[in-house]
2 protein chains.
Amino acid sequence: MIDLRPAIYVIGLVIVALGGMMLFPLALDWYAGDPNWLAFLQSGILCVVCGGAAALATANAARSGLTLQQVFVLTVFTWVAACLFGALPLILGAPGLGWTDAVFEATSGLTTTGATVIVGLDGLPPGANLWRGMLHWLGGLGIVIIAMLFLPVMKVGGMQFFRSEGFDTLGKVLPRALDISSALVQIYVVMTLACAVTYAALGMGGFDAVVHALSTVSTGGFSTSDQSFAKFAGPLEYAAIVFMLAGSLPFIRFIQAWQGEWQPLWRDRQVRAYLRWNAYAVGAIVGYELLTHDLPFETVLRETAFNVVSVFSGTGFTSADLSSWGAFPFALLFAVGLIGGCTSSTGCSVKVFRWLILFEAVKLQLRRLYAPSAVNMLRYEGRTVEEDVVDAVISFFTLFMLTFGLLSVALSLAGLEFETAVTAAWTAIANVGPAFGPEVHPTGALLAFPDAAKWIMVGGMLIGRLELLAVYVLFMPRFWRG
Amino acid sequence: MIDLRPAIYVIGLVIVALGGMMLFPLALDWYAGDPNWLAFLQSGILCVVCGGAAALATANAARSGLTLQQVFVLTVFTWVAACLFGALPLILGAPGLGWTDAVFEATSGLTTTGATVIVGLDGLPPGANLWRGMLHWLGGLGIVIIAMLFLPVMKVGGMQFFRSEGFDTLGKVLPRALDISSALVQIYVVMTLACAVTYAALGMGGFDAVVHALSTVSTGGFSTSDQSFAKFAGPLEYAAIVFMLAGSLPFIRFIQAWQGEWQPLWRDRQVRAYLRWNAYAVGAIVGYELLTHDLPFETVLRETAFNVVSVFSGTGFTSADLSSWGAFPFALLFAVGLIGGCTSSTGCSVKVFRWLILFEAVKLQLRRLYAPSAVNMLRYEGRTVEEDVVDAVISFFTLFMLTFGLLSVALSLAGLEFETAVTAAWTAIANVGPAFGPEVHPTGALLAFPDAAKWIMVGGMLIGRLELLAVYVLFMPRFWRG
Ligand SMILES: [K+]
Ligand SMILES: [K+]
């Protein structure tokens, strides 16, 4: 049996930290004279007490390093615990959600999905909206740290390919994990501030700018308004495009750029492919819209670019009614959501790196058919990709599609219409944000979903965010035998 | 450059044979006193003349054996040529289709898809309906021969796993390909006769029984009636279940059973999994329908079993309005269509064997995560599955999903609604039959689809039927350099 105490210790500390974070919305609501600050005080105390007790009870066992099994347990249950405790302020204070809705909202926040069950966002106390944005921001930061430090060691979904990159290459510059993390936090904070300042300069109110910046760089998608980004149509959309793209690029390259090495960023095959594919998708839809609708060019370009990048990066802001664009743009957006951002970004879904490996593997397979004696090596950025990386990538993809299918069937069993079930499964597994169908509120909120559907989506969002395998491995009986 | 003459030679002979086959509908329409026999005479002559000329012109080059490249060219272009020439009677005679519709109908026939563009099937001359059934039957026979003799050598989609099975194991009993083929034809004919006799005994008219038998054992799905199998609701549905299942089981096992060895059939892991999954799907939907609708048990059981097996086997007969069953049954049927029948059957889609390998590969991957030193061998029916088989299976799956996505996007670009585009892509790539959406005629016919959509589906049906890789390999420039 695995010793769970070291994992519980860390999770306890994380919950204490989460409680500490509640001081920000507490202060804001206090300052705004909104009695909702009390909810954050209560929740914060609960977090500190529960988290602290857990950490204290297990502190003795926490001195040794972590085994691989413990890392898996730690990763998954940190998210689960944070989703439960992060939900507290939404239950104890405004908007006074029930358990199901609050956990859905917090999970949607921490997994950077951005699907909401709240209608009337514009009227929420500022602290509640700030907390929603902060959940995105913290979840995004957390996943980048996991992706950069843990996943390569855990060998999840082919991420071992980046093992040497995270450690060896950077090894000379940033010898320790703590240094990587601190560089990352600095970059993430600077990006967020730059985004908030840009939003404010282009006319967004200060508070809206901050919350939207939190949910932009984390490719989250929560908004302070029921209208999402439609409320900020215009130049602000172009600004958002820049920061959504930034949030979905590989942060490892930003760390290198932070150290003065900009070349790896521009030369990165993922970055180039990602930007190119975004441009293709925007071009295709702009062409289609101009041919089929009589709209001004700038409007079409802006709305298309904003919404395509929003889905591609997995942010999920909307500034137009996507389902009214026609079947082709809708189908393309659906496909784009299954690609997603780059590895070690806040983006989610299958990710560009894995698609590039899949394309190469298929090409190799085709070549083998007519030239069985040809060289069978898969190369990426000049490096040979080991067989175990290819296997892992391909297993990841298979599991992703399987999970997507199972979620669709499960959501339809929970009572959703077929279209709603499929798009909700899509938004959950790929952490995109929007869903479409008769049960979706005109604002895009999913409050009318049956409770069972909400819980299935909570599971789906966590599975998608934590790279599937990291979660599924916990369901193997032999895993626990250690 | 590849020498195409040996392939053209064989294709020419196939077209001559196809022309000869037209004697059956010719004779039937003549006997029925329907002037439509003339269309079969003209088409038959065209086939014999064109096919004969092609064969004669290339007969000199045909003495040597075929290279691997030539086998690919032969496989793909035999189907393409047969779809073009098989369409002739539907243009020159009843129902007087245009090129697009006729090629669609013939391709849907020869790929055993079963989607039709004709409304008014009940009023067609008998020869035309017989020809549609024969296209299914010939296409089904052709694909089983390809799957049993060619694909293992072509190593398409992991089929090399069955190489030894087709040749070594059977080697002692049936030393030559011709023997396998002739055993196969005997079994196929007996199955078809048994099916027709059963249908007739249970009340179907003689002609309907024959045509439906042709399209049942081939898992095709064309009917002589606009109502499809709803016209024959009752005991006939149970009979169809048996023969649709038979058509989607591995024919290699039938050949062994034909030789007196029944055990391999019952012990086959694919067969067991396939029958079990069918039972699960039927059980789940029956349970759901009984809970949500107030219908008699026998009706629910019969309709569910018939339609689930129809989609699972890729036959595509319908006896009920599937889209009215609710979202869960619909989602489950959609998923079931992406599994499909067994290898070396007339069934299509990903196939049970590949799903079993995929499951094993994912399980292995999960085990590797926490036990990196564990044995990494994948086993199937007691045999080790070589790495190249696993790679091929997994590349097949990736390509299948990619193609499905691309077809969906392309069909929506061609003007179909999203739901129609996705279900039409599904029916094309997996050769299922039905599609759903506002553009689908109440009888299920796709006649209102735009021409572009019909041609995209023609491509999709061929790609799906010919196991994707066999088609895609022709698009690689290096393939043609020999
Ligand atoms: K999102
Ligand atoms: K079919």
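Cβ coordinates come from backbone N, Cα and C, glycine included.
Annotations in TrEMBL come from automatic prediction, not curation.
Taken straight from TrEMBL:
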- B:7-28: transmembrane segment (TRANSMEM)
- B:40-59: transmembrane segment (TRANSMEM)
- B:71-92: transmembrane segment (TRANSMEM)
- B:134-154: transmembrane segment (TRANSMEM)
- B:183-202: transmembrane segment (TRANSMEM)
- B:232-252: transmembrane segment (TRANSMEM)
- B:273-291: transmembrane segment (TRANSMEM)
- B:330-357: transmembrane segment (TRANSMEM)
- B:389-411: transmembrane segment (TRANSMEM)
- B:455-475: transmembrane segment (TRANSMEM)
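Recorded stretches compared: B:7-28, B:183-202, B:330-357; the one with the most Cβ pairs under 8 Å to the transmembrane segment (B:455-475) is B:330-357.
The transmembrane segment (B:134-154) is not in contact with the transmembrane segment (B:40-59), judged by fewer than 3 CB-CB distances under 8 Å for residue pairs 6 or more apart in sequence.
Counting only same-chain residues 6+ beyond the ends of the transmembrane segment (B:183-202), those with a CB under 8 A from a CB of the stretch are 137, 140-141, 144-145, 148, 174, 208-210, 212-214, 216-217, 232, 234-236, 239-240, 242-243, 246-247, 251, 254-255, 258-259.
Outside the transmembrane segment (B:330-357), and at least 6 residues removed from its termini, the chain residues within Cβ reach (under 8 Å) are 111-113, 140-141, 143-144, 147-148, 157-159, 161-162, 217-220, 247-252, 268-271, 273-274, 277, 281, 284-285, 307-308, 311-314, 322-323, 378, 380, 385, 389-390, 393-394, 396-397, 400, 404, 423, 426-427, 429-432, 464-465. Counting only same-chain residues 6+ beyond the ends of the transmembrane segment (B:71-92), those with a CB under 8 A from a CB of the stretch are 2, 4, 6-7, 10-11, 14-15, 18-19, 22, 25, 38-40, 42-43, 46-47, 50-51, 98-99, 101-103, 105-107, 109-111, 127-128, 131, 135, 138-139, 142, 146, 150, 153-154, 458, 462, 465-466, 470-471, 473-474, 479.
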